[in-house]
């Protein structure tokens with residue numbers, strides 16, 4: 001885990017602390033200390049700094065984001081969130097800031113699907129008033145000619161900027177002429193843009209020979225290739241870490257002897273190994289990095305000597321997959337073909353040639369290289385001997401020096417029980433152990449497995465496999481279909497997804513297909529579409545954020561088409577019993593100003609309106625007291641005036657599911673829309689939903705304050721940052737409040753006070769959840785806004801502090817973990833070290849030798865529970881990487897591995913962790929079927945935390961959690977579905993997943 005002090009500095013409000021944190025990240029980059037697990041945490045902290053007002057903070061944030069995207073793109077999940085910030089930075093004339101932003105965009109556009117970035121890019125190209133911003137963006141999009149809509153490019157042929165016209169013409173030249181001709185006809189028909197299509201096509205055919213001089217279609221890197229690069233990076237880092245630990249052992253051992261020698265010899269004597277500084281550029285230090293494979297992204301310190309880490313140097317030394325690696329075909333590339341070529345394409349030709357030679361090997365063959373290379377020297381000992389056949393053929397002295405090298409290695413680790421140098425400095429495992437607690441429950445440290453006949457009876461057997469079926473329908477384009485076809489098609493989709501079958505489909509493709517039916521919304525199509533969206537979101541929650549704007553806008557438009565039931569508060573209920581039942585009436589709000597029905601109105605409505613008018617004196621005083629100041633007395637009086645109103649409004653929840661049949665006999669409010677809203681509130685962050693609601697253009701016609709009231713009533717403790725709260729309060733004060741005030745002060749028959757009540761409810765909840773930030777935003781607003789926000793400031797803010805004190809930089813300090821020193825034996829060790837052999841095989845993933853691992857486990861023992869737990873986590877990673885075929889073939893060997901050292905009930909306590917990585921969840925879903933059954937007897941105690949992990953996980957991890965719950969249920973006879981805290985929608989999904997495995 002990265003330093004907590006750095007993370008606190010980056011997330012705080014002090015600019016000096018932010019600059020210090022960014023400088024510390026730069027220091028870690030220069031010394032190559034950033035790990036894969038650190039990359040995503042740092043990247044998430046850098047996202048809000050990309051739009052910071054401080055120039056230096058913004059510049060350093062873009063530099064670090066470009067580095068993390070280049071080196072750790074496979075480990076970062078929220079890459080698409082920085083696209084708007086990068087586009088905004090293209091306006092800057094300072095190239096020191098614009099260049100890293102342009103690099104980030106180049107990586108992001110290659111990594112992400114166009115549906116995540118094209119809408120933002122289209123706005124810049126069509127509406128931006130900055131020629132520099134549009135030109136820079138079009139230079140980047142030139143590589144993506146096959147992903148940019150041709151119709152937009154045709155429109156840009158008439159752009160007033162000549163450079164944009166030329167780039168658009170070159171982009172059309174690289175596309176198929178027949179497709180261009182079809183789009184030209186469409187532009188003529190729908191947009192009124194007249195081109196002579198045939199003449200234009202003739203010009204394109206004449207210029208077809210020039211296509212070889214322009215950029216070719218990009219070749220995306222395969223997932224297998226990226227996985228190989230990632231595994232090679234892990235191997236290189238483990239080798240470097242092991243060598244560093246070995247050097248520390250020798251430096252500490254000879255420390256006292258070297259002090260006396262240095263005093264006698266002086267500064268002119270030859271330096272020995274123990275006196276070498278680890279940062280000095282000596283040959284011994286360089287030899288640590290000398291033996292790594294060229295395919296590994298780990299670089300020598302000589303490549304990082306510059307003050308700023310250079311991405312170009314990485315490309316020249318190692319074929320890491322970057323943006324330029326698949327941008328074009330290098331065989332026919334000409335530097336003069338395009339003036340806007342980025343610097344990353346210059347070295348692409350050399351890499352493309354190497355990549356084409358090794359493409360077949362990289363895409364199919366797993367990694368067979370050992371953890372350490374033969375020539376990788378550790379300070380104070382010879383290199384590790386060759387073990388692979390290819391290594392022996394390349395070195396003539398490998399066979400003769402093998403025994404000597406193994407003996408030297410055994411001197412470093414004298415006993416097979418001494419593994420402290422390999423395990424004790426794993427800080428990630430230390431943090432997990434601190435959260436889990438004591439692991440030593442008296443379980444055996446080693447177990448004989450000579451008689452393996454009964455092991456199968458002591459386990460659950462084979463992992464149950466649900467037969468995956470394809471969708472019985474094809475994805476179609478619903479844009480040009482009528483509402484009857486859409487309704488029929490969506491009903492078929494819903495009936496398929498509602499079955500208990502295990503379906504195999506791409507959730508993003510299906511969502512992209514059905515969300516088109518929301519434009520325009522239709523009363524008969526909206527309910528079934530809401531059901532389909534609910535099914536997809538609950539089964540694959542990771543698919544909701546990319547389509548969040550479309551889903552939220554569809555929900556608001558659909559809710560405005562149906563009548564809703566609004567609570568009407570009477571005088572007796574307000575004064576005497578806040579928890580009493582309230583009278584209700586059904587109101588149609590499909591228009592801006594609507595009318596209520598006479599059937600459901602109480603006789604005391606007029607009196608009730610008078611009471612509400614009196615209670616809201618502070619809110620209606622905007623026109624009378626515009627110069628009123630924010631004082632202590634006004635706050636106290638306003639709070640007393642709304643005390644009775646708040647007690648009722650905060651306790652009443654907007655009920656969107658119950659509807660009256662008297663108002664509308666043809667269309668009733670569908671329950672499916674409520675289910676869709678509940679699914680969004682469960683699976684998506686509330687702040688993201690609020691921002692999507694505020695991005696809707698015609699907010700006055702759909703009254704989003706009602707949906708916001710529903711959100712704040714169902715989700716407790718909604719937290720917003722400063723910018724998000726500013727936007728929300730601005731909308732409530734400037735847009736929603738005037739309309740609600742006008743509707744509330746109408747005559748008795750037309751008055752609609754529930755919109756004002758929704759605004760008051762939202763403001764009250766915001767002031768309760770974040771009182772300090774709420775006051776800070778209220779202090780920075782105008783006089784009109786302050787008058788609206790005045791009644792909701794709490795009485796305990798008597799000091800009227802402008803800014804809240806945030807002690808985020810105070811570091812509580814790291815507790816010193818006690819390390820258990822193992823006793824070492826002076827007897828001779830065997831020639832081969834079993835622990836090193838196990839570590840080598842674990843890094844090979846699916847290509848490892850499980851029999852060799854099981855045999856080596858028989859030769860070792862773990863006297864320290866911490867070391868056993870660390871090896872257990874590595875075994876889970878290995879199980880996650882094994883294929884289904886490998887699990888069936890080597891089932892007996894896997895049982896042997898599980899029965900040797902991993903028979904402690906405490907090992908399943910990782911299910912009690914607050915956060916568990918995906919690889920451990922996948923590995924544990926296989927471990928529970930090969931371990932002894934008694935480990936699962938009391939495992940049902942982890943059901944509550946397993947449900948919390950289920951809520952945070954994506955679709956594949958949810959399946960793995962269901963497999964674990966399946967195994968626990970078979971032994972303990974208790975089901976996870978019986979938990980009371982599981983919401984109904986999630987209970988339905990869990991029950992469906994469990995039934996797929998015939999539980």
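Each residue, glycine too, has its Cβ placed from N, Cα and C.
Curation plays no part in TrEMBL annotations; they are all automatic predictions.
As stated in TrEMBL, the feature region 'Disordered' covers range 379-412 out of the listed 175-208, 209-242, 345-378, 379-412. Listed ranges 114-136, 137-159, 413-435, 436-458; the one TrEMBL annotates as region 'Disordered' is 436-458. Looking at the stretches 536-577, 578-619, 620-661, the one that TrEMBL records under the feature region 'Disordered' is 620-661. Among the ranges 804-832, 833-861, 862-890, 891-919, the stretch that TrEMBL annotates as region 'Disordered' is 804-832.
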